[in-house]
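Report on the structure given below.
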């Protein structure tokens, strides 16, 4: 049976294009290998939307390969075979984390697929050769990717509606693979080269979009923008953050184009929307005297260019695939159509924030200049200025101020009313300033006609209202900008880089770097992007990324990351990840995702704010009626004077009310908290986690790789085979491609042993168990794993090592013991201190591990968990056992944090209230991190700097919650008191309508200061 993809087809050519039986007509992944190819796993891009079917097919493949007991090719017999159900159960248990997070199983199997020939070439090719090679590989391996999006199947995950065409692509890929004949049976873990990684969602027509939104001033604006986006066809997973002035969503490009969505969002919301660059690499180019259209036409015809769009009159943004064409090659091919790169753009959120602040400052300044004379004339003694002159001057200046208010207040308010049939904060302001301005015009008309009203024009009221509200929004915009700037990570990207090309050094814009470049990093220079050191030695300051204050030594073979700063030495390094796709971008994206998330407490605030407008409008109506009656019945005013007087109270009530403080109470704090945490090596992926972490009652720690350092030392080796060299060779071959800490320790231990090599086939890495393979073309099965899985627990040598508290890797051949390696783990330096800190806070600490009891008990005792706490230690735990352990605690009403590092921890991390992954960024691998991708996807928090991050997380959660509570209390107290004073409820004390515009300034300022105090004060890792 051959697997063309995860949903397999028969190996018969006639049926090669049919979906596998699990697909039942809904193609999860179509295609097949040719009949001559046997047992080949070639899982193309992930099977989004059909994870359960993927599990069934992976189980079927493993069943056939491991059991080799199917004596039939009849599909019905295969499905009903007795051992099939056990393999399915095992597969569902191992991949349950994927199923719970709706991730694709194919991605996991693909990661264990055949090695790419280009993986080792990245550091040896010249830039030109690297690109020539990558083009061949991309067109073969990823041939479907470069087809137009419209041709992708909506219900297929491999992106082809034509199975024969997909079969051709697959055959073409295999025929171009230099090592294809060596790896038909290998399923060992590996990471695809970074240059070749594919966006599965884009291949299916699902595109992630980020918009910069200009005009959002409060949470009501954010809610409005979210509703508009959710109402558009093809849009899903909408997240809006008005503090960051951004909106993120997924778009089905088969329903609507990105340009159409931007126009529809602007039309429905009234805000100006600008699409920000996505994950593709982009270059902003200056057009020459020729039109930008000529540059776009030239760029669009180049191989590897995805699209070209106009950014401004002279700037064109070219989006390209860096795996197919390098930035410098692209510039060279464009030639005279461009005069060079446009000036670099800062972090999009910061750039958009500065633009809004600058525009707001201009509007506020002009409004203030017009308001000042009006206010001086209004409050000066009579006779200083002739009344007619004063009125004409006031109406002229007040009209200018009203014109300034049109795009700020009137236009958004009217659009919201028409398109959304709702009221917002802009409508309150517009109503109040309109009432004051119109009344003033009418009163002036009566005055000029010689029939002056009892209450004259109040132009100072409308102008002061506009100016003070603009001032309040200017302060709020400045506060948000400072908060975003203080926690911005994209600004850490270096703008210049030095490359070594054919022995010559050349400094250039970092945007022109391309795969294969050799970088030279001078002493004390910032590192422009992730790379691997080729030559030189130095200490690198990575504190801005990991929070670790001490510099880290780097030598040949070590990874260095963007955003860090080189020490006193000079380093030569090979580029691994491009700017815009490196560690800085990874962290920035996670921080921004957390800022865009909406915790439950924010939803409560939004519900209150949505009721604010109708309530205040109702109060204003009651105020007009009440004061009109009071004026006529009690104070003896005439009807005109009574109505005019009542209107001043209503205008003040509308203007002074401000839900903005309530709206930014949560998001502003979360933005600042997320940035502070990231700078301390803690990446919080959701606002909900920031809110929930303070409630943690139990922390469950995995032992291996979490409490202990990832690297184990082999302290004991026992060989039992007659040919010891063969035992060593088998052991080394089994662990060669595994990333598990135990396997890595044994691989390091055996790397210098000069033994003959042994070819293994059908290598399987089974999380929580070990490794399994067959020797050559024989049916001899070799295993490496725990004593329990290899069924050697009763062997005297194994018992002896277990009693000594060592972690074991047992190697067997057809059940016969070949070798035992005993390893001792060393606790992380901070583990004991972190455990003591947690217990002082009243948090119960648990230890769980798949290791044997003696090793786990020894580690627990070393950190102070022993004696009466023996029930808090669990050993020999499978991934399902860890999840069950967490579930039992949660069933008792406990709030559980689980901290793990490996793939086998993903299920428990997903189950816990707060899932934490311990990891470290290392660009020496193709991954951005040494931690498990699966666990990172399931985790709520990622720790970059060891277990100390737990203390930082708990502290930030507690401090953030206190600020949020203060903001809510202040917002509620302000609005109640302000409405009482403005409406005249206290009779003798009232807020004049002209000063009511200060309401936004007064209400928002304490909220901004509360969030900013987290930056000024800092967040210590210790204390409550």
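Cβ coordinates are placed from backbone N, Cα and C, and glycine is handled just like the others.
For the ranges 921-944, 993-1016, the feature annotated in TrEMBL as transmembrane segment maps to 993-1016. Looking at the stretches 537-564, 565-592, 649-676, 677-704, the one that TrEMBL records under the feature transmembrane segment is 649-676.
Among the ranges 425-449, 500-524, 725-749, 750-774, the stretch that TrEMBL annotates as transmembrane segment is 425-449.
The recorded stretches the transmembrane segment (964-987) and the transmembrane segment (391-413) do not share 3+ CB pairs below 8 A when only pairs 6 or more apart in sequence are counted, and are therefore not in contact. By the Cβ criterion (distance under 8 Å, sequence gap of 6 or more), the transmembrane segment (608-629) is counted as touching the transmembrane segment (425-449), at least 3 such pairs being found. The stretch with the most CB contacts under 8 Å to the transmembrane segment (425-449), chosen from 461-481, 649-676, 993-1016, is 649-676. For the domain 'HMA' (207-274), the number of residues in each DSSP class (helix H, G, I; strand E, B; coil) is 24 helix, 25 strand, 19 coil. Here the domain 'HMA' (207-274) has a mean pLDDT of 82 out of 100.
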